[in-house]
Amino acid sequence: MNYTLSTVSSATMYNSSSNITTIATTIISTILSTISTNQNNVTTPSTYENTTTISNYTTAYNTTYYSDDYDDYEVSIVDIPHCDDGVDTTSFGLITLYSTIFFLGLFGNIIVLTVLRKYKIKTIQDMFLLNLTLSDLIFVLVFPFNLYDSIAKQWSLGDCLCKFKAMFYFVGFYNSMSFITLMSIDRYLAVVHPVKSMPIRTKRYGIVLSMVVWIVSTIESFPIMLFYETKKVYGITYCHVFYNDNAKIWKLFINFEINIFGMIIPLTILLYCYYKILNTLKTSQTKNKKAIKMVFLIVICSVLFLLPFSVTVFVSSLYLLNVFSGCMALRFVNLAVHVAEIVSLCHCFINPLIYAFCSREFTKKLLRLRTTSSAGSISIG
């Protein structure tokens, strides 16, 4: 299977682009309305109750918490007593949203894996697509934890699973950006340097690069995993990141690591690759308009779903540095990070649409697989 830029028909790309744009707009509108409703319904409690998920990058270190045995531990950087974050993660709307994204992501990525296994991995692009799909499934694994946390209204799965929850999210985040970048570099080489790049655009190189990405992503995710733990606050156990005063430098390091390695470097490479691709296509005798549409679709969707998370994490770093402060600012930052996190998780089911279902070749194989399955003679492997 070769997911080249030329395998997509103009009509298919137009319809796919419109459908994906519509889906993305609907998802973001739903998220914003759900979170906005929760924000309006929140009342300031007399005692602080933390209702954050993995997205809470500020609350845990802007408040002084006290444990049940009255051994208090100070984790404040800015003294804002009883400043609630204004994000209710236990609402029915948010639970429904998590469930929907989970099933869509699971279903879409399993279909991609099934097709890849049936028709084998033949090219470096197939290898990157396989690993991108596995990365999205890692993202999908975060949702059962978030659902449990929202329904149970506290964490009772222990420290180990708490850390793995954080690890799943950030390995999935770094992997997704890395494999999107590698796929873009491969498209760049195929279009701009088609002959010179043939010796390195092989399945073997794809395997090596994929292993490197998984190792590097795990290393990049390790620091924040160390700070994720379970703590009891006012009788309720929470699983999220806790920083004490001495760990402020680590918080800033992790925030800038997310921005530099998770967005700035990949986005710079993406923009360069697609700029060169578009220039090459425009000056070539066979002006491949289908490929240009595919290029814009990839860039727009990548930025739409992943850039907001990095931007809001950067804003939370500014809060840490006291560029701005106060309860209202804290609530805004937490809400922004929370929405951006959910938007980033949505790409786990959008990616199969972009990199697979927009490909005429993939669609043919999927239909062939469905026909074979209906006949009862399908063999996966």
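Numbers run from 1 along the shown chain.
For all residues, glycine too, the Cβ spot is worked out from N, Cα and C.
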Where Swiss-Prot splits the chain into topological domains, do Asn279 and Leu366 land on the same side of the membrane? yes
Could you let me know which of Asn62, Asn131 shows up in Swiss-Prot as N-linked glycosylation site? Asn62
Feature contact check the transmembrane segment (207-227) with the transmembrane segment (127-147), CB under 8 Å, 3 or more pairs: yes
For the transmembrane segment (252-272) and the transmembrane segment (337-357), check the count of CB pairs under 8 Å (sequence separation 6 or more) and say whether it reaches 3 or more. no
Among 92-112, 166-186, 207-227, 337-357, which stretch has the most Cβ pairs under 8 Å to the transmembrane segment (295-315)? 337-357
Could you tell me whether the transmembrane segment (337-357) and the transmembrane segment (207-227) have 3+ CB pairs under 8 A, leaving out pairs under 6 positions apart? no
